[in-house]
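Colleague: Please find one structure pasted underneath; my questions will follow.
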């Protein structure tokens, strides 16, 4: 029961900041809808993991890292249709379409045991995206706190300065948490108390109420000054989320314009699961089948997509908290889904009593953590070119959005590959006869030694060429000509009868290089 209570409280606490972030600040009265969107996706994910996963203690969550993509999709739809019901119809259609694509891809990867294909995604591109998403989430946290849209022009900055009294509270709580985390690290630099941050976030609300009481303020005056969310009511009913899409009002022009963003959303959604599943399996000492877990994610995202819902996944951090709090068993996991369903109905009403600083601090903290994970923790783990790519993607995403960041990631990956491919401009590392490079096998019969020592057919007639780096269309002619030139340096009667080409240090071969190797083999024979 304590584990169930802790996780459902965490669901409520997280649903408020992220739920109010799915729509731009200027799109008014959508906070309650956003909170229910978060909880609905989490409920479906929890049910799917309960019945389809091999884990008996995992926790599902709406994929909160995708908030920047939902904002980008919102702006595309707003530009085409404004802020009316037609825009909501198109937006929910896009949300559902993205979730269904993610679900189908997950299921197919698991069904045909191709989960490893996700590991071929360039790691530094993912890390750069994580850094950019961190900046976006931190910025969203400040916007939610100030109830203003941030921009780098004079009016945007001045509007934030006018609301600095709201931001100051968030900065205070954030600095306090950072100091606590820093002071409670163990000798290896890791967090000594994994529950410190969740407990801290839970305490923000009562501490804030205590603060306004000590300051002599009433909750009504604090509400007027912007410290609280207004009553989160929307125009419709609690069931609107299930029939928001009206195909007759969907703008397929906006859908077409959203394709790059949808592609980026799908690709980014696929990356988390192959990381979370093995990590949680190791932490809980459970042997699971990656393909079964991928299919479970396929079911959860496909089902939620039918209703225009957002993507979900098994959340590593929440699952670890649940596991360490004693949560285990399918019944307990089902109870989490049931209690979260209750929150689906009453969550928006509770949110009105939560201060903005709680939502802002949580978003700011998550954003800063993701940014540091992207640009600080990666330092020293990538070569200089990949690290430059990480910063480039982060900056491009911050300034120009998701589509530009995706393009920057593609360019960075191609450029990195091309430059790394020509790191060794000379593909031939060295060459020598077998008389110099002798075998370590000494237990041969006398007849074998006699053959190897022969000057007509022995070691001196065996020539070894060692290659290095990438063999591709740009250096294959150097390789082919170099091999031929080395063979031709021998007098005709002393030329080797056996040529051994050592590929041990070769990192990759493209199709052009493969064809050239076949031609070289024919030439040598």
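Note: Cβ is positioned from N, Cα and C throughout, glycine not excepted.
Found this in TrEMBL, in case it helps:
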type	residues	note
DOMAIN	462-525	domain 'STAS'
TRANSMEM	6-25	transmembrane segment
TRANSMEM	37-55	transmembrane segment
TRANSMEM	91-110	transmembrane segment
TRANSMEM	117-138	transmembrane segment
TRANSMEM	164-181	transmembrane segment
TRANSMEM	193-216	transmembrane segment
TRANSMEM	236-255	transmembrane segment
TRANSMEM	262-282	transmembrane segment
TRANSMEM	302-322	transmembrane segment
TRANSMEM	334-354	transmembrane segment
TRANSMEM	388-419	transmembrane segment
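How buried are these features, and what lies next to them?
Modeller: Taken through DSSP, the domain 'STAS' (462-525) splits into 30 helix, 22 strand, 12 coil.
Distant neighbours of the transmembrane segment (6-25): 31, 33-39, 42, 59, 61-62, 64, 67, 70-71, 74-75, 78, 137, 140-141, 143-144, 147-149, 198, 201-202, 229, 310, 318, 321-322, 325, 327, 336, 339-340, 343, 347, 350-351, 354, 358-360, 362-363; these residues of the same chain sit at least 6 beyond its ends, with a Cβ under 8 Å from one of its Cβ atoms.
Sequence-remote contacts of a segment are chain residues at least 6 beyond its ends whose Cβ falls under 8 Å from one of its Cβ atoms, and for the transmembrane segment (164-181) they are 141-142, 145-147, 191, 196-197, 200, 204, 208, 225-227, 355-357, 360-361, 364-365, 368.
Counting same-chain residues at least six beyond the ends of the transmembrane segment (193-216), those with a Cβ under 8 angstroms from any Cβ of the stretch are 6, 9-10, 13, 169, 173, 176-177, 180-181, 184, 222, 227, 320-321, 324-325, 353-355, 357-358, 361-362, 365.
Non-local neighbours of the transmembrane segment (388-419) in the same chain are 68-69, 72, 122, 124-125, 127-129, 131-133, 135-136, 260-261, 263-265, 267, 371, 374-375, 378, 382; each lies 6+ residues outside the stretch with a CB under 8 Å from one of its CB atoms.
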Colleague: Same-chain Cβ contacts of the transmembrane segment (91-110) under 8 Å, 6 or more residues past its ends?
Modeller: 37, 69-70, 73-74, 77, 117-118, 244-245, 247, 250, 254-255, 258, 262, 265-266, 269-270, 273, 290-311
Colleague: Taking a Cβ cut-off under 8 Å, which residues six or more beyond the ends of the transmembrane segment (302-322) line up next to it in the same chain?
Modeller: 3, 6-7, 10, 22, 37-38, 40-42, 44-45, 48-49, 53, 55, 57-63, 66, 70, 92-93, 95-104, 107, 194-195, 198, 241-242, 244-245, 265, 269, 272-273, 275-277, 279-280, 283, 293, 336
Colleague: Taking all residues of the domain 'STAS' (462-525) together, what is their mean pLDDT?
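Modeller: Mean pLDDT, the domain 'STAS' (462-525): 83.
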Colleague: Can you tell me which parts of the same chain pack against the transmembrane segment (37-55), counting only residues 6+ beyond its ends and a CB-CB cutoff under 8 A?
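Modeller: Residues packing against the transmembrane segment (37-55) from afar: 11, 14-15, 18-19, 22, 61-63, 95, 241, 280-281, 284, 286, 288-289, 292-293, 295-297, 299-300, 303-304, 307, 309-314, 319, 330, 333-334, 336-337, 340-341, 343-344, 347.
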Colleague: With Cβ-Cβ distances below 8 Å as the criterion, list the same-chain residues six or more beyond the ends of the transmembrane segment (236-255) that contact it, or say none.
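Modeller: The answer is 33, 36-37, 40, 76-77, 79-81, 85-90, 92-94, 96-97, 307-309, 344-345.
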